[in-house]
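*Asks:* Sharing a structure here in structure tokens format.
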């Protein structure tokens, strides 16, 4: 979604610090945790079976979790599909979300949430300017709004900010945002909610970005990594699609890995990839994925068509339902990597990977108070934005500076001698990737909402 330049300043009252909202959340929900390179629900391996959910897309931005009636309408379809997770790209952090989140919890459905909006996000063309205290106040307020729900599975710190070689120079700012979110969650004494990044469907630097998000000190590392993948276009297979090579490339990776978008629509969608994604061919490395997308929008990826209170199932709905019904999760733990662990940071390889060193920008000075005082009230969709406002970072962070009281939510070792240490960047010999329209037309803004 193309965000317009923001010219009005967002006034954040430094003297008025509001407590996190009082949330009446379900107590009988089992939170999802991280062990090694996998997600767990209690003692049981958890595989994401979900869809991307943003009715209206970028042309009619709305918060689906604040729309209780629409949420309950769609939960009936989620249950019919057998989903356990939805991803939402943008929410209004000034609104109440209790009714929908509790209804999702009652249905056994978890939320993976992008903290950004088109107006509050890292601009890949101006990452230094857009990484500022006004931006951090917004995303921290979003954490406040959702941390109390036990079915909040994870937060995305960014979506497709890096979409080619040159834009990889923004990677330190994406990683800094991830660090800041993790520190905020711990400093505010919330439960350990995983934070990670959703990468674009590009071969250029996908693996380097994954390595980068899992290198350095524990406070600098992500809790998981996800990427969008439209390379399996039916009719295809595990090998023809190149997915076998991706499994090979990511074998030994120390963080949970899943597909944040999948479902090529070049041909008729049969979702043949589902049988591979939840088989032992992949479950040692992958933890499932999210199908793009629930509602029919301009890019024609929809499973259903929504008109007011009416929901019409499209052919892809039945195809996905059938694919899920035919595919069970593997028994046991799916051969996950129990050790986990950090890997070395990738070396600069311009123009594909244009990151000079491992240093990250320090959190902007005015944003430090949020760690102890809280972020205060979120401005919501009506806020003026943060792209060109606020105080920027003026220093380089010391490793460990983003630490806070509490253990790592990744539950993995910070040593580069762990199982992930052998992860190396292969030559780009994968099968040709058919990139979805979402990636091809993504804008210069690394907004949390990139829908077409």
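Using N, Cα and C of the backbone, Cβ positions are placed for all residues, glycine too.
Annotated (1,3-beta-D-glucosyl)n 2 binding site per Swiss-Prot: 160, 201, 206, in sequence order. Residues or ranges marked as disulfide bond in Swiss-Prot: 71-100, 215-345, 233-264. The N-linked glycosylation site annotation in Swiss-Prot covers 249, 337. Annotated GPI-like-anchor amidated alanine per Swiss-Prot: 419, in sequence order, evidence recorded as sequence analysis. Per Swiss-Prot, region 'Disordered' is recorded for 325-419. Taken from Swiss-Prot, the feature signal peptide covers 1-19, and the record attributes it to similarity to another entry.
How buried are these features, and what lies next to them?
*Replies:* Over all protein chains present, the Cβ of residue 160 ((1,3-beta-D-glucosyl)n 2 binding site) has 26 other Cβ atoms lying within 10 Å.
Sequence-distant contacts of residue 71 (disulfide bond), defined as residues of its own chain at least six apart whose C-beta falls under 8 angstroms from its C-beta, comprise 64, 65, 99, 100, 103, 104.
In the three-state DSSP assignment, the secondary structure recorded for residue 215 (disulfide bond) is coil.
According to DSSP, residue 233 (disulfide bond) sits in a coil region rather than a helix or strand.
Counting every protein chain shown, 19 other Cβ atoms lie within 10 Å of the Cβ of residue 249 (N-linked glycosylation site).
Under DSSP, residue 337 (N-linked glycosylation site) is assigned to coil, being neither helix nor strand in the three-state scheme.
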*Asks:* Where the distance is taken from Cα to Cα, which of the recorded positions 215, 233, 249, 264, 337 turns out closest to residue 160 ((1,3-beta-D-glucosyl)n 2 binding site)?
*Replies:* 264
*Asks:* With every protein chain in view, what's the tally of Cβ atoms within 10 Å of the Cβ of residue 345 (disulfide bond), excluding that atom itself?
*Replies:* 18
*Asks:* Out of 201, 233, 249, 264, 337, which of these recorded positions is nearest residue 345 (disulfide bond) by C-alpha distance?
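*Replies:* Of the recorded positions 201, 233, 249, 264, 337, 249 has its Cα closest to that of residue 345 (disulfide bond).
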*Asks:* Return only the integer: C-alpha distance in Å from residue 264 (disulfide bond) to residue 206 ((1,3-beta-D-glucosyl)n 2 binding site).
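*Replies:* So the alpha carbons of residue 264 (disulfide bond) and residue 206 ((1,3-beta-D-glucosyl)n 2 binding site) sit roughly 18 Å from each other.
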*Asks:* Tell me the Cα distance separating residue 206 ((1,3-beta-D-glucosyl)n 2 binding site) from residue 233 (disulfide bond), rounded to the nearest angstrom.
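*Replies:* A Cα-Cα distance of 20 Å.
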*Asks:* Under 8 Å between C-beta atoms and at least six apart in sequence, can you list the same-chain neighbours of residue 206 ((1,3-beta-D-glucosyl)n 2 binding site), or say none if there are none?
*Replies:* 199, 200, 227
*Asks:* Taking only the Cα atoms, work out how far residue 249 (N-linked glycosylation site) lies from residue 337 (N-linked glycosylation site), in Å, as a whole number.
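*Replies:* Given the Cα positions, residue 249 (N-linked glycosylation site) is 14 Å from residue 337 (N-linked glycosylation site).
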